[in-house]
Amino acid sequence: EENGHQNKRLKSDADEEDAEDQNKKSPKRKIVLLMAYSGKGYHGMQRNVGSSQFKTIEDDLVSALVQSGCIPENHGEDMKKMSFQRCARTDKGVSAAGQIVSLKVRLIDDILEKINNHLPSHIRILGLKRVTGGFNSKNKCDARTYSYMLPTFAFAHKDHEVQEELYRLDRETLERVNKLLACYKGTHNFHNFTSQKGPRDPSAKRYIMEMYCGEPFVRENMEFAVIEVKGQSFMMHQIRKMIGLVIAIVKGYAAESIMERSWGEEKVDVPKAPGLGLVLEKVHFEKYNRRFGNDGLHEPLEWTEEEEKIAVFKEQYIYPTIINTEREEKSMANWLNTLPIHDFNSSAVEMQTNNKNSK
């Protein structure tokens, strides 16, 4: 009897130890995930709990995290519980090659493989790194790089008849595009490049480090080019409007002087280029890397080993989506037809005066 009782006790102790071992094996840890996704068909990155008709990238991500066993189900419903933070809130239809999210998860075996098994093929987790407990991907990010892929016929002058497939960007036009894009560098007041910000709102001032258009290339008989922009942070629609204004100037709808005017206090009509070509390329954590990247406990948040996987994902999912959608839906061609509707000459004050006079 005594032995039997003892065996039972040993067995229950062993079970408890097993459970404890399991928890020890997969305690919750703060990590970052490197994500790539094609944004077509999604209403942006950020999850809107309770509004299921607008599907977002985070809806699919959270569901995969729960199904793979990295987070308990209630953390999926209340994302604060896992300290979830995305680095950039990409808008509707926008893709990413290097989005970073930070969160607390159970570090289960084969974690990346398990999460990816529950994700559609156009959303991939390409890397994972452990970070400090207080890490927040949005606050710790000191710069973001976006690219914008567009068909080069967008830069053809409005007075020239252009066959879209046959258009090729000449050296002179490319140089002019780059001269205009370079004007954005430095700190400017971008209140005209977003909605809901007044000219005196301090948060409308943004710092742009780099902006240029690369060499054009041909895909499926159509010529494309990629504009890259690196800045501390961007407001909603800011990049699309920055590009929209340059297109309007190069096409001959607006004078170059509109750029200087747009940074002043008056309201300027700035057109917004389509969302299709915009891709979040990379997020930068230079300060964090300097402080923790070589402390012996944490890795720097750099993804050189994942660069090949990122390139393959872009070739497989992001570029074909942009090219095919452009060919089928003609988003750039249709948008260019709306440029003559914009009033690039008069300021808001003049427009009000004209309206009063016409009455």
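Counting starts with 1 at the first residue shown.
In case you wondered, yes, glycine gets a Cβ from its N, Cα and C as well.
For reference, TrEMBL has these:
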| type | residues | note |
| --- | --- | --- |
| REGION | 1-26 | region 'Disordered' |
| ACT_SITE | ASP91 | active site, nucleophile |
| BINDING | TYR146 | substrate binding site |
| DOMAIN | 184-286 | domain 'Pseudouridine synthase I TruA alpha/beta' |
Pairwise Cα distance for ASP91 (active site, nucleophile)/TYR146 (substrate binding site) [Å, integer]: 12
Recorded positions: ASP91, TYR146 - member with fewest neighbouring CB atoms within 10 Å: ASP91
Segment confidence, the domain 'Pseudouridine synthase I TruA alpha/beta' (184-286), expressed as mean pLDDT: 95
